[in-house]
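Peer 1: Annotation comment: Swiss-Prot describes Ala83, Pro84, Met85, Gly86, Ser87, Gly88, Lys89, Thr90 as ATP binding site, evidence class sequence analysis. Residues or ranges marked as domain 'Helicase ATP-binding' by Swiss-Prot on the basis of sequence analysis: 70-235.
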Amino acid sequence: MTATPGAAADAVRVEGAGACSDGGEEARYASSASLARMLYGADLSERVRRRHPAVCVEHQSGRPVALPSPLAADARRVTVVRAPMGSGKTTALLRWLGEALGATDASVLVVSCRRSFTRTLHERLRDAALPAFATYFDARSYVMTGAAYRRLLVQVESLHRVDEELLGDYDILVLDEVMSTLAQLYSPTMGRLHRVDALLHRLLRRCPRIVAMDATVNAQLVDLLAALRGAGSVHVVICDYASAGFLQRRCTVARRLGARVLAARLKGDAEDGAEDGGASFFTRLRARLEAGHNVCVFSSTVLFSELAARFCLTFTPSVLVLNSTRPAEGDVSRWRDVRVLIYTTVITVGLSFDHSYFHAMFAYVKPMSHGPDMVSVYQSLGRIRSLVDNELCVYFDSSAARPEPVFTPMLLNHVVAEDGGWPATFSEVTNLLCCSFRAACAPAFRGARGLALFPRFKYKHLFERCTLASASDSLNILHALLENNRVGFQLEALRSAHRRGILPLSRGRARRRPAAAADLRALAAGIPSPVSAEGLAEHPAVAAFADKYLRAGGAPPAALEELLRALNGPAARARFVNLAVLGGCLHVPAAAESLEVFAGIYRHYASGEVPVLTEAGAVETAALAPGLRWKPTALFGLRRMARALGLLRRRGGGEADDVADAAHGLTEPAIVELVGPPGGHDYAQCLLEIARCNITPAGVMARGPVVAVAARLSGRGFAQGRGVGLGAAAHAVSVFKVIWEEVFGARLQKSTQTFPGHARVKNLRKHEIVALLDLAGIDRAGRDTHRELYRLLMSHKARFASPKYSLRLPKWGRLLGFAARGPEPGPDAPPEASLEAALARVPALHWPCAAGAVDFCAL
C-alpha cells in the first residue's frame, strides 16, 4: 500500500472522526502511538501543569517515594502519588500515617480494590505499630458503625456497609492503588454500583485529607480531584524511582510457544522438540529447569497454569500452583520452599515477594474478551520484585483475538513512533480508528443516571476491555506499562518494524496460532476429570438453579454437567444469562412494549447465584450482579431478530425438547435486513456496552486503506483486493456474527447448501419450491406439478449460489425452561413459575393496555 500523507488523510477522513476533530485536549485521544501511555499517566506532569497551574507538582528521582509531611504549614488537603511498583509507596504511606496519627487522634478510612490487598495492608499497619485498624472481615454485623470502626480498611464493593453517619466523620481517606479501586466500579461483582459510586464521590468531595496512590495515576484522576476540591488543594508527587529488581529486568517476547516441546515432554519422548533452536517459550523454560534453576510462571488462564504445572512436574516435584481452582495460599514466605511457582491473576496487588530467589520469570499472556486485561497482567507480573538473572520471557497467545475484519487494531507501538515514526499510511488510519472509538464511547451508558464517578472513567475501562480483541493492541499496552516500571522491553526487530509496516509479533502468527491452540486443546483433554455427572441434580444449589432456569423434567445428567462446567467461566455465565433474558422476552411479548416488564425479566434472570462445576469437580456458586449492560431498545431489536430466525421455538409435531436452536440457509441480503440500516438499532453500541466489543463503523471499514492497515497490524499480511474496503453486506455479516457469538454464545458458519432454508432440496414441498422460484424472480408459467417446478428450480441453481450461513445456539440453549413451551405465548403457555412470580410484582399500569384495559393476551 503506497500513499502520500495527504492522500492517506483524504482517504480515511470519514465518520467517527468528529470526537477528535476539534484539536486541543480531544486530539490526544487521536494519537494512536501515545494513547496508551497517556491513559497510564506518562504525560501527567505536562498535562497537569497546563490544565491546572494551581496544582503543586513535585518530581522525585533517584530515591524511594516520599510523601509531603501532613504537619507542614503548607501541606495541601489532597496528595496524589504516581510512582512505579516497588518504589516504596506503601512504606511512605505508613510513615505519613504514623506522623499524622501521632499528632492527632484522627479517624482513617482505607478503601482497597482487593481482599488480598486489604489483608496485606492490615498486616503492614499492624507491623508498623500504628493504632489498631479494623477490617470489614471482622465485622459481626452487616452495617459497620461505632467507635470500633473509626480506623477501618474496607474493600470498595463493601463501602455501602459502612454506617452513613460514620462515613461522613472520617478525617483521612486513603486510596492505595486508586486506579484499580476506581476500575472496580465496572466489575461484574459490583452489586450496588449506584450506592458505592455516590458514597465514594461524597468521600472525595468532603473528606478533610486524601491520599491517593498508584503506579498509573493519570490526568483524569487529577482533573476529578481538582474539580471536587479545587486545584489549589492538590499536591501531585511524580516519582520515577524503580528498584533494581525492575530496573535491571529485561523482557523478551518469544515468537513461538513450543507446544510440541510441551507435548513431547508430557508423553515422555526423548526427542522433545529441540528443533526450534531454543527460541520458544517451553524450550527456554525447559533449559532453566534442566539447569536446576528456580522459576516462576504467570498464566492468563487457569488451563495453561495446569498444563505448565504438568510440564514442570516432569523435572521436579517441587511445584506450587496458585489459581482459582486451588486452595488459596496467602503466605508468600512459602514460595521460597518450592522450585517452581505457577500463578494466575489471583496473585495481584497486595502480595509481593521481595527475595531474590527465582532465577527467571515466564509469562503466558492470552488477550481475550473475558480474560484479564493488560493492567491486571502487569500488576501480577510485578508481584515478584527481584529475579536472580533478571530475565522475563513473555509469550503472547493471539488465538483468542477476534478474526472478524470489523475488529481493527488501533494502536501503534510508541518505540517505533519515536525511532523514525510510522508511515503516514499507518498513522492516519490508526489515528482515525482511535477517534472512531472515542466517538463510540461518548454515548455509552447514558442510561446510567445518578452516577458521578462511573461516567468519568468509562473511556479507560472500555479501552482496556475492547483492546483485548487485538493481540497487537494488547502487546503495545503491556509494553507501555512495563516501560512505566522501567523494565527493559526487547522485541525482535522492533525498531525496523515500520519499514515492513507490520509488528514483528504478528508476522506469521495468524498462520501458526490455530495449530498451537489445537495442540493445547488436545493436551487439556488429557487432564482427567474427577467428577461424575450422577447426583448433580440433587445438589441444593443445582436444584434451585434448575427450577429457575431449566425446563420441567430436568436435563440429562451429561448435559447438566457440561452446562455447569461451562458456567465456571465468566464468559459462558454472561452468555447464559443473556440467552435466558432473550428467551424470557420472546415468550412474554409485553416486554417489547413496557420497560418495567423488561426490567422484571432482566432482574429475574440476571440476579442471584448460579452453580458452577470447578475443574476440581466441586460444586460452587457464582454471584450474578445485574449491572448496566442491556439497552432495552437493543434487546427489542435482538428479540425481533430471534423471532425472524425462529429460534427458541418448538418445532411443530416434535418432542417436548425438539426446540429450534438453529437457523440455516441465511443469505447475505437476509442478514443485512436483520441487522437493519445504520439508522436503525445500534447494535455496535449495544456490543460495546454489553460485550465490550469495539465494532469499527461501516463507513470507516468501507475505505481501502483502513482494511489494508488493519490486516497488516493483525498479522494477516496484505488484505485481499488491496485498496478495496469492506462492503456493507460483509460488514453486516460480521456484526451479525459478533452479536450472536459474543452475546449469546452461538456459532455462525458458512453453509455448503445451495438453497436458503434448513430443509434439503430433495425434501422441499411444492409451495416451498414456488416460494424459492418467486424469490429469485424465475418465471414458472406453465409448470404446475411438483416435478416440473423442481426441474425448473434445479435448472436455475446458479442463481442461488451466493454465500449462505448457518447459525446455531449453544447446546445448552435447549435446556432453558421457556424453550419447551408452545410456539406462541398465550394462556396455554405461561412463563415458568418463578418468572411468573417475579412479573407479578410489576404493577398493572406498566402492562400493555387494549381499549383502556390490561391486554391479557400479551401477558
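Indices start at 1 and increase along the chain as displayed.
Note that Cβ sites are derived from N, Cα and C of the backbone, with glycine treated the same way.
In terms of burial and nearby residues, how do these features look in this structure?
Peer 2: Contacts of Gly88 (ATP binding site) defined by a Cβ separation under 8 A and a same-chain sequence distance of 6+ are given as Pro64, Val65, Tyr241, in order along the sequence.
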Peer 1: Other residues with Cβ within 8 Å of the Cβ centroid of Ala83, Pro84, Met85, Gly86, Ser87, Gly88, Lys89, Thr90 at the ATP site?
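Peer 2: So the additional residues around the site are Pro64, Val65, Ala215, Cys239, Tyr241, Ala242, Ser243.
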Peer 1: For a quick check of packing: other C-beta atoms within 10 Å of the C-beta of Ala83 (ATP binding site), how many?
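Peer 2: Looking across every protein chain shown, the total is 24.
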Peer 1: So if I draw a 10 Å sphere around the Cβ of Gly86 (ATP binding site), how many other Cβ atoms end up inside it?
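Peer 2: Around the Cβ of Gly86 (ATP binding site), 22 other Cβ atoms lie within 10 Å.
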Peer 1: Near the Cβ of Met85 (ATP binding site), how many other Cβ atoms are there if near means within 10 Å?
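Peer 2: Its Cβ has 25 other Cβ atoms within 10 Å.
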Peer 1: Could you find out if DSSP has Gly88 (ATP binding site) as helix, strand or coil?
Peer 2: coil
Peer 1: Does Thr90 (ATP binding site) have same-chain partners at least 6 apart in sequence with Cβ under 8 Å from its own Cβ, and which are they?
Peer 2: Leu121, Arg124, Asp176, Met213
Peer 1: Looking only at the domain 'Helicase ATP-binding' (70-235), report the model's average pLDDT.
Peer 2: 93
